[in-house]
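**Q** Pasting the relevant annotations from TrEMBL:
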- 35-49: compositional bias 'Pro residues' (COMPBIAS)
- 265-453: domain 'Major facilitator superfamily (MFS) profile' (DOMAIN)
- 1-54: region 'Disordered' (REGION)
- 62-86: transmembrane segment (TRANSMEM)
- 106-125: transmembrane segment (TRANSMEM)
- 132-151: transmembrane segment (TRANSMEM)
- 157-185: transmembrane segment (TRANSMEM)
- 192-215: transmembrane segment (TRANSMEM)
- 221-241: transmembrane segment (TRANSMEM)
- 266-288: transmembrane segment (TRANSMEM)
- 330-348: transmembrane segment (TRANSMEM)
- 354-381: transmembrane segment (TRANSMEM)
- 393-413: transmembrane segment (TRANSMEM)
- 425-448: transmembrane segment (TRANSMEM)
């Protein structure tokens, strides 16, 4: 019997004459060959296959989900983007007896737990949906922020800011990305751009609030005011963020998180995200401290973070919309290379207020595109039913980069007696390696052809 694979994966058998004589239908005296297809009017309809038409690409529920997801990014990644403000404040106040490297572990662990928690948040999402995650995450994030306002020692700040608040932020951060991916395919880049734009707006609003409130009402009430804003936005998110795909309960298996890494394109993409994030968080953490050391006024230096995050609104919207037309990997490679060049060619030799402000604006655009396109790339090579777990796998590995990048930069800074050049080189080279791995992932998927992908 000859077996042939037809398009669509259907396997059909071609019987030889000798084999057909032994078929049960001919033994019973039937004249019709069993391999003959039934008449067209008797053939069952082909089962529907998932495709572009299955995604609504819009509608009230889809855009409400985008609005709620944007609020989630506002309160999670937008809050984390204040790392430079906290680094500067802690060095001058509560934790003045600690080294910059020791203080940077707070922001590093905060980013780590927010991203690493995706390894189990994504699995819970795939099995149970977003509702419980959003509710519990909202409570933990707000509670952790309230505890920051009461913290005075290193370990108290570490527990409240780096663990409690960060894990809660993770439980609203990942469902936001994943839910939006279930509503859009052709417009996924543009929709994700609007979502991550929330983190840029949060990265502007929160630092400005802290800069202006701390001198007027003190650090504790400045944090509480931010917490009340977070609570209001998370109430909206709990009522609007919904997934289109019904959850499917699966047994918890650790191997499910490792299985995607057996796919070469996914493994290369994950490695690229790791190295890019490893270098990208260095400027976020040290741009304010470096500006102060260079002679910039404290008031202007503190505004570098909102300037950077304000510019990232451009980076998280326009490149994402362009990526839907030009290819998500193509645009990611260009913007990652742009970010690497900025660190090594602009920030490294920069001196003076104008040069640092220029770098902050351009870096905000480049890094914003890198952050905004990351979940789009993961979704583009993932089955929609497994998108939560696969996103968690990629981000949990990237969280190790977020955990170690800033402390390594701080350790390099300390060993260089306060000179920032080596720390900048570390950040730029790490981003460049990430760019090369994005290129390798694209080649593994579609080759070197200059096509949309």
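Yeah, the Cβs are placed from backbone N, Cα and C, and that goes for glycine too.
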**Q** Does the transmembrane segment (106-125) reach the transmembrane segment (221-241) with at least 3 CB pairs under 8 A, where each pair is 6 or more residues apart?
**A** no
**Q** For the transmembrane segment (132-151), could you work out the same-chain residues 6 or more beyond its ends whose Cβ comes under 8 Å from its Cβ atoms?
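**A** Sequence-distant neighbours of the transmembrane segment (132-151): 72, 75-76, 79, 94, 121, 124-125, 157, 159-161, 163-172, 174-175, 219-221, 223-224, 226-227, 230-231, 234-235, 237-238, 241.
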**Q** Other than its close neighbours in sequence, what residues sit by the transmembrane segment (192-215), given a CB gap under 8 Å and a spacing of at least six beyond its ends?
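**A** Answer is 66, 69-79, 81-82, 84-85, 89, 176-177, 180-181, 184, 221-223, 225-226, 229, 299, 302-303, 305-306, 308-310, 312-313, 315-321, 364, 368, 371-373, 375-376.
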